[in-house]
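Below: the structure, in C-alpha cells.
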Amino acid sequence: MGDAADPREMRKTFIVPAIKPFDHYDFSRAKIACNLAWLVAKAFGTENVPEELQEPFYTDQYDQEHIKPPVVNLLLSAELYCRAGSLILKSDAAKPLLGHDAVIQALAQKGLYVTDQEKLVTERDLHKKPIQMSAHLAMIDTLMMAYTVEMVSIEKVIACAQQYSAFFQATDLPYDIEDAVMYWINKVNEHLKDIMEQEQKLKEHHTVEAPGGQKSPSKWFWKLVPARYRKEQTLLKQLPCIPLVENLLKDGTDGCALAALIHFYCPDVVRLEDICLKETMSLADSLYNLQLIQEFCQEYLNQCCHFTLEDMLYAASSIKSNYLVFMAELFWWFEVVKPSFVQPRVVRPQGAEPVKDMPSIPVLNAAKRNVLDSSSDFPSSGEGATFTQSHHHLPSRYSRPQAHSSASGGIRRSSSMSYVDGFIGTWPKEKRSSVHGVSFDISFDKEDSVQRSTPNRGITRSISNEGLTLNNSHVSKHIRKNLSFKPINGEEEAESIEEELNIDSHSDLKSCVPLNTNELNSNENIHYKLPNGALQNRILLDEFGNQIETPSIEEALQIIHDTEKSPHTPQPDQIANGFFLHSQEMSILNSNIKLNQSSPDNVTDTKGALSPITDNTEVDTGIHVPSEDIPETMDEDSSLRDYTVSLDSDMDDASKFLQDYDIRTGNTREALSPCPSTVSTKSQPGSSASSSSGVKMTSFAEQKFRKLNHTDGKSSGSSSQKTTPEGSELNIPHVVAWAQIPEETGLPQGRDTTQLLASEMVHLRMKLEEKRRAIEAQKKKMEAAFTKQRQKMGRTAFLTVVKKKGDGISPLREEAAGAEDEKVYTDRAKEKESQKTDGQRSKSLADIKESMENPQAKWLKSPTTPIDPEKQWNLASPSEETLNEGEILEYTKSIEKLNSSLHFLQQEMQRLSLQQEMLMQMREQQSWVISPPQPSPQKQIRDFKPSKQAGLSSAIAPFSSDSPRPTHPSPQSSNRKSASFSVKSQRTPRPNELKITPLNRTLTPPRSVDSLPRLRRFSPSQVPIQTRSFVCFGDDGEPQLKESKPKEEVKKEELESKGTLEQRGHNPEEKEIKPFESTVSEVLSLPVTETVCLTPNEDQLNQPTEPPPKPVFPPTAPKNVNLIEVSLSDLKPPEKADVPVEKYDGESDKEQFDDDQKVCCGFFFKDDQKAENDMAMKRAALLEKRLRREKETQLRKQQLEAEMEHKKEETRRKTEEERQKKEDERARREFIRQEYMRRKQLKLMEDMDTVIKPRPQVVKQKKQRPKSIHRDHIESPKTPIKGPPVSSLSLASLNTGDNESVHSGKRTPRSESVEGFLSPSRCGSRNGEKDWENASTTSSVASGTEYTGPKLYKEPSAKSNKHIIQNALAHCCLAGKVNEGQKKKILEEMEKSDANNFLILFRDSGCQFRSLYTYCPETEEINKLTGIGPKSITKKMIEGLYKYNSDRKQFSHIPAKTLSASVDAITIHSHLWQTKRPVTPKKLLPTKA
C-alpha cells in the first residue's frame, strides 16, 4: 500500500471543499477581499505581506465582519497605492508617487481614469472617514487595469497566437483586452486539440495493426469482438472537447478551458489526464478543476491567483477586472517570463511519453496510475488507504478518484471531484439519472465504429456519476447502453478499480493478472474468477432508460470464449481500458463459474440479455448464425426484456457462490469488483443498504441482496441506485462489511446507529425479493404453459388442416413445400423440446424464440388490444386443443411431402417472379406500394440452411409451433412491422376465421393503417417482436384445395408451424399465406414483405402462384404475393379486390394449376372476404375522415393561433398608443402650466410696477415727519442707490414676507399701502399657489421703489444669501431715501465681490448697521467688505447670530452658537468696539424671534 500512496501525490489530492452556497455568498465582500489581496500582494510582494494584512477582515463580538483598521489606515494614507503604483506604473525612482492624487494623475497619464459610478474619484473621496470603500475599489480596479494593460496587449496576443495558428481572419482579431485574453485562451486550446488529434492519429496508426480480439466461428461473436476488445482504439478517436471561451467569467467557472491552457504550457506539471473535462460538469468537477488551477498558481506562479473557489465558481461580474489581471499574469508567466517548467506542448510521437516516468511528474491523485504503467508493478488495491480519516465522508459520487490514462491515452478517467476515495462533500447528494457517470456507449455495428460518447469530451470515462448521463439525444436508438464499467459512486475501500488495479490487496495473492496476450491466453479463465467481475450484472439501460443489470458484453464474450474454446483473450491495453481481469487467486472458483457460464443456459441467457445491446439488435438464440439471419428489432421485444429478468437469477447463482467463497477466504472483493451489486462497504449504485451502512451479512443475506440488486433495475424499472440510499445520503459512514476483511482505509466503523438503519433496509429488501421471486416464478410457469400450448396449437392446427384437406389433391410442388415446412417445424419442435429439457437455458431459449417467432401468436390471442403476457399464455383456440396420435402421424407424413416439394418449388421461382412483375404493375396502378429489394433465392436458401442447422436459428423458428419469424435481416424488420399490423387487423373477424381456418387474412390488412406501406406500424404491445414479416398469399386455401389436398396441408402446416396462433387469429387464407412465408423465407428464402396487397383482378389471382412463398412481389410482395396494396381511395371495390386476393393466394400456391383451381377449400369464403373488404373500405373511409378531421383541426388551430397572435399584437399596439397619448397629454399639460405660471409672474410684476410707481411720492410725504430717521440715515456715510441689485430676483429675495415693516411706528401708512397691493398675491395663495410665489410677489412689491422694469425670472441660488442681504439692506437696514447713497455704495461693493455668502455686522442687539462682511463656509473666514468694524472676525468674537425674515422685513435672533451659511447678520462682543467712535442714533429694536 505504501508504494501506491506517494506522499507527494497524497499532498496533491484534493478533498471536496466546503464552499459557501450561492445564497450565502457575499459578492461585495468577495470583491473587497479580492482587490485587497491583489493590492497588498503587489505593494509588498507575495512573500513579504505583513501578517496582519494577509486577511483583511476581522469579526467583532456580534459576528459582523469589518476591514481591519491597519488596512483602512493604509488605504487612507495612500501607502498601498503608492507602493503598487510605483511598481505597476514604473514611475521614476527620483519622483516616487506620494499621495492619492499622485497615483490618480499617474493613471490619468496612462489614459486610465478612476471613476466610481461614472463620477471621477478625487483625493477627497479617498480621504473620507469613515472610509468610502467604493472609491477605493474603483482605485484598485484602475490599478488592475493598468497592470493588465502592461502585461497583455492585443499585439502581444496576436503575436503569441501566430505561433500556434497560421490562419487569421480579420473578424477574429480581438478588439479589446478582455477579448484578447479570450482570443489567446481559445487559440491555444485549439492548438492543443490539434496536437491531440495528431497524437491520436499516430496512436491509431500504431494500434490499427494490433489484434482487436479473437475471431470466432460465430459471426455474431466476431461482430461484437471489435467493439468491445478494441475499445481503446475506438476511444482513442474521442478527443476531450475543451469548451470555447465566449464569456471570460461564465465560461471559466468550470475551470476546463483554463486548466487546459495551463496544461498546454506546463504539460509535465498539469497533465491532461488530471483535468476533469466532461460534457456536463458537476459542481464537484468544477471545484476539482478550480482547485487544480489554484494549486498550480500557488506552487508555480508566485500565488498570483487571489480568488477563493467561490469567486471563480460563481464568477460575479464585479470581479471581472480581477479575473482579467489574473489572466494577464498567466500570460506574462507563460509568454514572457517562461520559467523552466513552462514547456509548451508539442506533438509527441508514439511512445515518446515513457509510462514509467509518470510518477516523477506531479500527479493529482495517488490512484491515478494506470495498470499499464508497469507490466509487473501494480499498485495494490489499498492505494487510497492512507488518506486521513477526516476525509471519509465524501459522497460516493465524488469519491471515485481514478483519473488515470494509459500511456497511449486510451481511457482517461477523472474522478468527479476529489479523486480521493472515502471522503464526504459539503453538499447533499442529488438524485441523478440512472446512468451514473459513464460517458460512453458501446456500438457493435462495425469493427471500426467509433463509440458514441458524450460529444468529444476529454474524459471518455468519468468516474463522476453526477450530471454525466448518457447523452441519449446523441445516441442512436440501437446503440445499447451496456455500462459494463463499474458504477461510479461506489466507494471502494481501496481506490483501485478492477479494471485498473488487477491485483488483490492481500499479500497472499499468488500472482498478478497477466498483462500480455500470451499470459491472458494461458489464463483464459481469468474472467471467471470473480463472480462480480466480468460475469456479474452490469448496468444495462432498457429502451426506457431504466437500468437493467445484465451481463456486460465482456461477460457474453467470455462465455462464448469458454463454450467455443476460443484460445485468445483481449490484450492488456484493452483490459486496462475496461476489460475486467481478476487475480488468479480466484482460480479456485473457476470450475464453479464455468459450470454456470458454459452451460447453454447461461450462454443463451447472456446473449438474450445482450440482444438489446447489439447495435443492429441481433439476437443470438444460442447458436451463432450469420448476422443477416438475426432479426433486428429484438430490442423492442417486451418478452425478451422479461426474459432477461429471469436470466439474471441464473447468473446470480454462480456469483453468489463465489461471493460466499470470497467472503470466507477473506478476499477483499471490493477492491476487485467493478460490479454495482457487490455487497461491500462502499455504497455502490447497486449495493444494498446493508452494504452502504456497513452491516455484516450472512452469505444468505448477501445472496438476497445480490439478487435484489440484479432485479431492482429490471423489475421495478428503476435503478437500484435511485431506490437504495447510499451511505452518503444516510450519513452513515462507509464501513467494511466483513469482519475478515481488514479495514484498509481506516474508516471508523459505526455499527450502532447504522446497524438499525441497515437492518430495516435488509428486512425491506428481503420482503421485496420474495415478492419478486414469486412473480418471476409465476411468470416462468406462464411462459412454460405458453410454450406447451404453442406446440399443441401447431400440431392441432396442422392436423385440422390435414383433415379438412384430406379429400383434395395438392400439386407435388405444394406437397413438397408443405412437407418441407412441416419437417422443419417438427425438427424445430424437437430441438426446442430437447432444449427445454436442458433446464432454464433451453426454456429461456425457447422463450426468446417464441417471442421472436410468435409475436403474431400473441396477437392472435389478443386480437386488438395487447393482453397481459400472463393472460396471453393461457389463450388457445378450440380447434388446436384437440390433439390425437393419428393426426400427429398424418402431420409427419405431410412434412415428408413438403421436403419432396422443395426442389419443385425452386423451379417454380422463375415463373412466380414473372407473375410478381405483373402484380407489381397492377399494384402501381391501384395503390402506393413500397417494395423492398427481393433477396436472391440462393441467398435466402443459404440463410435458411444455417438457421436450420443451428436448430435454434430464427429461420427454423417459423416452422416451429412458434409464429413465423423472419430470417432476413433488414428488409424484414420493416416488413415485420407491416405484417404484424395486418395480422392485427385480420384477427378482428377471428370467430369466423376460426371456423374457416386459413384464408381470410389477406383482406384485413388493408383496413389498418398498415395497408399504407410507409404508415404500417405495429404497436410493440401487440407484437412485441415481429421477427418475420408474414407472407400473405391470399387464396392459398382455394387453389390448394383444387390442386391437391396435400399441398394445402403443406401450406397449412407451414402456417401452423409458423404460428398456429395465426390460424386461430386468421382465416385459412391467413394460415396459408403464413406457411408460404415460412416456406419462402426458409426454403426459397424469399424476402418476406410486410405490405399486404389486395389483388384487384381475379384473373391475376387465377394465375397459379403455388409457391407464393417465393418472392412473387418484391420483399413487400413475397409476403402478400396475392395481395396488392391499394391506396385508401382504391379500396372502394373491396369485394373484388378481396376475392382476387383470396383466389390469388390459393393460385399462387398452386401456380401451375389454372382456373380449375378456383375450387375453394373450406378455408376460403368469399362472403367473409367481402365482409372484410367492406370493413376495410369502412376503415379506410374512417381513416380518411380522421385524417381530414385532423388536418382541419390543425388548420383551425393554426388559424386560431394566428388570430390570437393578431389580437395580442393589436392589443399591444393599442396599449402602446394609449400610453403614448397619455404621455403626450401629460407633457402638453405641463407645458401649458409652466407657460401659465410664467405669464402670471410677468403680469404680477407688471402690475406691481405700475402700482409701485406712484408710491415713492406718498412715501416721501409721509416720511418727511420723522426727522430723526432722516437724520439717522443721513448720518450714515453711505447713500442708497436705486435697485439694480434688486432687479435680479432670486429665490432668497423672493422669500420676503408681506408683513408690514416695523422700522418705526410712523411707517404704518406705508405698510398699509404695501398690504394693499399685496392683496393679489394673497388671493393667489388662496387659489393654491405656492408660498414661494407669494413671497416673490411680496418681495418684488417691497422693492417696488427700486424696480425699473420687467426682469427675467432667475432661479434662486441655494448656496448664496447675496440677494437676501440686498433685500435686508434695501428694506430694513438702509431703507428710505436718506440712506440711498450709502445703500448704493454697499450694493456696488457686493456686486464687485466674488463671495457667495455675506454677513451684516450690527453694533449690538439693537441691530444698528455697521458694516458688511464676506463669509466663506469652507474656511469659516469672515472678512470686511465695507463699513465700520474689524477687518476680520473670528468665531470667538461673535456674540449673537441673526437671520433676516423677508416676510416681516426684520432680523430675528437665532439661539445658536455655530456660525453657518444660513446666518445673515452677527454681533460681536461690545468690548471690541471703540467707544470713542460717534454713536449713531438707535433704531427701533427688532422683535426677537
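The backbone N, Cα and C atoms fix where each Cβ goes, glycine too.
Per Swiss-Prot, the residue annotated phosphoserine among SER728, SER1057, SER1148 is SER1148. As annotated in Swiss-Prot, phosphoserine applies, among SER473, SER505, SER1008, to SER1008. Within the list THR386, THR665, THR1002, the entry that Swiss-Prot describes as phosphothreonine is THR1002. DSSP states for the domain 'CKK' (1349-1483), grouped as helix (H, G, I), strand (E, B) and coil, give 31 helix, 40 strand, 64 coil. Per DSSP, the secondary structure of the compositional bias 'Basic and acidic residues' (1191-1252) breaks down as 62 helix, 0 strand, 0 coil.
Helix, strand and coil content of the domain 'Calponin-homology (CH)' (222-335), in residues and according to DSSP, is 73 helix, 0 strand, 41 coil.
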